[in-house]
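> This is the structure I want to talk about, given as structure tokens.
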Amino acid sequence: MGISRDNWHKRRKTGGKRKPYHKKRKYELGRPAANTKIGPRRIHTVGVRGGNKKYRALRLDVGNFSWGSECCTRKTRIIDVVYNASNNELVRTKTLVKNCIVLIDSTPYRQWYESHYALPLGRKKGAKLTPEEEEILNKKRSKKIQKKYDERKKNAKISSLLEEQFQQGKLLACIASRPGQCGRADGYVLEGKELEFYLRKIKARKGK
């Protein structure tokens, strides 16, 4: 039997059975879930109604994630799935779906922040810098350009929770696209109240 999205196979509200008065139709069909995993990119195309195409991501390892408060979007590596409101099984099997909470690599965001504000981010006290990083952070600049950076530094404060994550090199993010439909795992970095909420949830789950 094929997967069907009809409702005439269900009983009536009164509990009586329904007689099927037509066969299954093409427009009622359902397909098996993609169950996208973390791994080297593998995407299948599916021909769908109206001559359109869907992109069924079976494995993905990178995505485009946006850091909302800094208006910075970068392509970065997806490391792990840590929370899913709908189903713990999807966390255990590391399945990428819309609205699941994942850990992503923070390096692209740190590099952008350091070059934009000329301030170190998520570095341990007294840690040695490589010559390139030294060049970015402690470069000699003309007065005009230095003034521009000083103006930027006034708004360079980020929350302590995010700073902790940058020190570990991983950020919590939420997937906003549908990997099994569009073949991509894009989303946004968690911040503020939303980040606090999910940190509590993850902690509670670990405590069980």
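Backbone N, Cα and C define each Cβ position, glycine as well.
This is the feature table in Swiss-Prot:
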REGION    1-27  region 'Disordered'
LIPID     G2  N-myristoyl glycine
COMPBIAS  8-26  compositional bias 'Basic residues'
MOD_RES   K37  N6-acetyllysine
MOD_RES   K128  N6-acetyllysine
MOD_RES   T130  phosphothreonine
MOD_RES   S160  phosphoserine
> Look up the residue listed as 'phosphothreonine' in the DSSP assignment and reduce it to helix, strand or coil.
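Note: the residue listed as 'phosphothreonine' is coil by DSSP, not helix or strand.
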> Return the residues near T130 (phosphothreonine) by Cβ distance under 8 Å, restricted to its own chain and a separation of at least 6 in sequence.
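For T130 (phosphothreonine), no residue qualifies.
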> Highest CB neighbour count within 10 A among the modified residues K37, S160?
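Counting Cβ neighbours within 10 Å, the top one is K37.
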> Around G2 (N-myristoyl glycine), how many other CB atoms lie within 10 A of its CB?
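8, counting other Cβ atoms within 10 Å of G2 (N-myristoyl glycine).
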> Any idea what the Cα distance is from the residue listed as 'phosphoserine' over to K37 (N6-acetyllysine), rounded to a whole Å?
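With distance taken Cα to Cα, K37 (N6-acetyllysine) is 31 Å from the residue listed as 'phosphoserine'.
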